[in-house]
Amino acid sequence: MAAGVATWMPFARAAAVGWLPLAQKTMPKPPVDKKSRSDEILFVNVSGLRFQTWKNTLDRYPDTLLGSSEKEFFYNEETQEYFFDRDPEMFRHILNFFRTGKLHYPRHECIQAFEEELAFYGIIPEIIGDCCMEEYRDRKKENQERLAEDTEAENAGDAPLPPDATLRERLWRAFENPHTSTMALVFYYVTGFFIAVSVIANVVETVPCRPIKGSIKDLPCGEKFSVAFSCLDTACVLIFSFEYLMRLYAAPSRCDFARSVMSVIDVVAILPFYIGLVMPENEEVSGAFVTLRVFRVFRIFKFSRHSQGLRILGCTLQACASELGFLLFSLTMAVIIFATVMFYAEKGTKGTTFSSIPASFWYTIVTMTTLGYGDMVPDSIAGKIFGSICSLSGVLVIALPVPVIVSNFARIYHQNQRADKMRAQQKVRQARIRMAKKGATNAFLQHKEDGGLQDGDSDSTPLCVKNRSAFEHQHHHLLHCLEKTTNHEFTDEVTYSEVCVTDSVGFRTSRSTSLSSQQGATTTCCSRRAKRRAFRLANSTVSVSRGSVQELDTLHITKTPAGTQYPQSRSSLNARTEDLKLNCADYTAAIISIPTPPANTPDESLPNSPAIPGILRNSRSSTYNTQETVKISSL
Amino acid sequence: MGALMVIFSLQKDQRRKRTDSVEDELELSAVRHRPEGLEQLEALTRFNRKELQILYRGFKNECPSGMVNEDTFKVIYSQFFPQGDASMYAHFLFNAFDTDKDGSVSFEDFVMGLSILLRGSVQEKLNWAFNLYDINKDGYITKEEMLDIMKAIYDMMGKCTYPLLKDDTPRQHVEIFFQKMDKNKDGVVTIDEFIDCCQNDENIMRSMQLFENVI
């Protein structure tokens, strides 16, 4: 329903009295309005800022959050108000919309924040009033373009290829991103070198060299050293053809590749040579053949693969196609008009150079671009007058589209800069996200060690475990449930790699025997590993944890019944080590939705090594309480 | 000739602009969904008013448009399992929550699913689990369906596990499951076999009580 219709409903219904005399059937019964008729003031508390408004104001737009029953979800019974945990500054604009019926876009706000608020309150952005709609649209388009670039930069081929990529994919990758492998880089520079060589050869072969003995005329170098130059040309063309064929083979979509600009340039660069091979040594066609040699100069455009600036220029010209077209069109118009005028003005003069209108085109163009060669000059007074008008208007016509082209170039250039910056920052961002993820895992593993997973009563849980937030407890419980479902445990990468190694060497049998025997079997590979790690630990600064150190009671050496699965026994072992409250590091779990810095580093008592998994718990304890000489089985 | 080319390019620009604007407008109007009133939801589910309020506030914060589509759901669910890949399991979960099969989970779907899972009877919970496993909703759990679910669950563990996850661990787990559940050995598990078996299993019955006070 359109805005504010609800207010006019009583009027429309009252006006229905006008139908009563004409009605053919009896009128239906009106709907019973259960709610009270009187209006009331509602209190809306947005993050502490209290707003008050009539209920009717909000009811004007029944398909928004505030106008519908959806706001009851946010009603706070104790304070008798609606509480929203959102931005109070933005809410002003939302409420103004309800009051005035016009939604304004605050210019200083971020477009995305504004859109999120609108989405939350159920208001569609199309309602923005005309005064602010232009600004909103522009900002939105800018933002979308930037987001599109970001996703493009993310998906750009910088990610490592999957290991089973075919030769074709690898080749294409090497061609498109030369910095990914050294071979590609070498190829890139070699082709660049040969393009330069070919262009220079084309240029040099027309330079006059000293004539051969017995002749007076100066020969161009091309004819003097014709063999050398033709060898060079052949070599270059062979390399370019090879490159083109390789690209054609590696391209994922050959049709698209064949139609792309770069491939057209490649073809144009090598075609003259092959056509020259095929053509017979005829006099008539050799003229055309010479023309074809001109196309060899297009090899210089192959440099655009090597230079980003050239590509930007090409992009700009493409983007400004309409402006350039306008420039061309207006110039053509002006040229025709002035040429005609000049021709007829100079018609009377004797021996004039303005022999025809097309001949006057040259004069007009030279004058309008303020070149003024002086090979064609008007003599009559009328001719001079019109000539001066021509040069004045030329300046104007050319100056008009130029700023547009320049601003387009600046925009595209900045976009490219931003894309490069994005790519560099992307790596940092990914690394940070990976660290945050590891922090969450480490928090869980640490939680396991600290005996947080035992089913015992709350008295025996260590203090550090109790101090964790409810959210962390629940998350760890969830992960623990998953462990129980799959009968496998989470570990960290270090243990995983070690387990992989020992697995491959075949120590599994010894490990399993150690697991079933509980009484301090110290000759297993695990213990060996543990001893190695313990040694490393002992070297780093180790201190008993800060704060309250609980007494080290005699540790129970558990006897688990034979035949239980590994994880159960291990976790129960972990549980019994509740007295060892050392190293209750406070890892804070970071769920990755927030791009916060990685989990807090542990306190000083822990050495700077990655989270130590459950296997080594007991070894550490053995390091610390060497006096106690109580050894838990190094499981 | 140049003039013709110019005029042609200008026309193309205008046409492009017109189609752009229409598509823009279509994009701008996002999907919006308003949930049922508090009273109706209170009647439909076993949550009281306060709990529904809390649930809705959290839901609305994540999805202001009122609907969760599958990709958002996968992203949200994956945040809880940083080590592994939770997208497959999230896909199955999404299908289990999306009861009206419209491709997105609204607040009603969400809250009704939660009501069954947290406040339902044992029978209802087992029903829901059966529905989750039965991917094509034909009333039978086949070995292939179970294998898909199992693989999805094991994917969530990631690769850093102890003991090492082998390739046929999920398959073995499926075999164990079928040995337990498939009473008449016909290769599929029906809802009655499933509920019967679970009710006779102490472990499962005991753990059903676990998630009572999640809210």
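Cβ atoms here come from the backbone N, Cα and C positions, even for glycine.
A TrEMBL annotation is a machine prediction, not a hand-curated record.
Taken from TrEMBL, the feature domain 'BTB' applies to A:40-139.
As annotated by TrEMBL, region 'Disordered' applies to A:143-164 (among others).
Summarising the annotation, TrEMBL assigns transmembrane segment to A:183-204 (among others).
Annotation comment: TrEMBL describes A:224-245 (among others) as transmembrane segment.
Annotation source TrEMBL lists transmembrane segment at A:257-279 (among others). Outside the transmembrane segment (A:257-279) by six or more residues, the chain places 233-234, 237, 240-241, 243-244, 247-248, 251, 285, 289, 292-293, 295-296, 298-299, 301-302, 304-305, 314 with a CB less than 8 A from a CB of the stretch.
As annotated by TrEMBL, transmembrane segment applies to A:324-345 (among others).
Annotation comment: TrEMBL describes A:351-373 (among others) as transmembrane segment. For the transmembrane segment (A:351-373), the list of distant contacts is 331, 334-336, 338-340, 342-343, 379, 383, 387, 390-391, 393-395, 397-398: same-chain residues at least six beyond its ends, Cβ to Cβ under 8 Å.
The transmembrane segment annotation in TrEMBL covers A:385-406 (among others). Within its own chain, the transmembrane segment (A:385-406) has Cβ neighbours under 8 Å at 316, 320, 323-324, 326-327, 330-331, 334, 338, 341-342, 345, 364, 367-370, 372, 378, counting only residues six or more beyond its boundaries.
The annotation region 'Disordered' is assigned in TrEMBL to A:595-635 (among others).
Here TrEMBL flags A:618-635 as compositional bias 'Polar residues'.
For the domain 'BTB' (A:40-139), the DSSP counts in helix, strand and coil order read 48 helix, 20 strand, 32 coil. Sequence-distant neighbours of the transmembrane segment (A:224-245) (same chain, 6+ residues past either end, Cβ-Cβ under 8 Å): 190-191, 194-195, 197-198, 201, 205, 209, 212, 263, 266-267, 269-270, 273-274, 299, 302. Per-residue confidence over the domain 'BTB' (A:40-139) averages 88 (mean pLDDT, predicted model).
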